[in-house]
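Features of the protein shown, as given by TrEMBL:
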ACT_SITE  HIS167  active site, proton acceptor
BINDING   ASN198  Mg(2+) binding site
COMPBIAS  42-72  compositional bias 'Basic and acidic residues'
DOMAIN    101-298  domain 'DNA/RNA non-specific endonuclease/pyrophosphatase/phosphodiesterase'
DOMAIN    102-298  domain 'ENPP1-3/EXOG-like endonuclease/phosphodiesterase'
REGION    42-83  region 'Disordered'
Amino acid sequence: MPKRAPHRVSKETHLKVIVILLLAVVLLLWLVHCAGPKSVREQRLPARSEKAAERAEMSEKADRSDRFDRQDQPNQPGHRVYGTQLELPLYTDSMFIVRHPEARYTLCYDTSYRQAAWVAYLLTRSEVGRKDAERANAFRCDPEVVRRGWPTARDRDYARSGYDRGHLLPSADRDDTPSENRATFYLSNVSPQCAGLNRQTWRLLEEQVRRWAAAYDSLYVVTGPELVPGLPRIKGGVGVPRRYFKALLVWHGGRYHAIAFLIPNRERVEGGFGDYALSVNDLERQLGYDLFWRLPDSIEERVEGDLDRTFWK
């Protein structure tokens, strides 16, 4: 039987294969570049039909030892409680969650805008008005953000930017010890605020929140910037939000009460913070978040849809 001559591949075919492979590599690199880090607002949020499954999954995860709840934090003399998790918004595994036990707060970090998308914490009567520690006044990178290799703001990014280093969790809400106060100066807990907002309207709202905490004992707080695509930036890629929000939940008189605020980031804010009050439902619609989702659905619907200005006076 005659032998077949070996099949020879021409140089032209070799070149075509190499060119196709190179084009495939270039296309892959381009797709990776386009994916890039996304802001929290750009990440896919659960659709309404997925909410029940998301909530069930989060409830199961909440039972694990790395979650902050009262079962993990026994009520002992001198022992501080992180919270009951009522303060935590619904989040997905794709979001960058950081917990700071030294100052008892949790944040969702936005790697695109180099700041927290939200900060959640419990504020109690015992934590307001004591001022046992001096204000640290030392802004620095969040060590946990650095450890995880995420992009971070630098203190120098704010220098001559025209904006204040605005706290999300206020320094005055964590001043029992030097270590917890220092943790409020992490740049993950800071956002570029106009001086007029930071030193007036926002400051007055923070002071009122402390008065409510003193009156009602336990106040669940979620606060942060409104991070949307296309925000202007200062040095270091730090985004400048157009508005800031704060949502509050309290148990008093045998029922839950809630209120929210959404205030523009301007040098001159017209009116007082009360003029920017809205229901939690209205805030959720604007932000795309699910706040206080651990409440039973029937209670959540009533509490978040109600804006009782008489109670929050």
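The backbone N, Cα and C atoms fix where each Cβ goes, glycine too.
Nobody curates TrEMBL annotations by hand; they come from automatic prediction.
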Set of same-chain residues at least 6 away whose C-beta sits under 8 angstroms from HIS167 (active site, proton acceptor): THR184, ASN189, VAL190
Surrounding CB atoms that lie within 10 Å of the CB of the residue listed as 'Mg(2+) binding site', all protein chains: 20
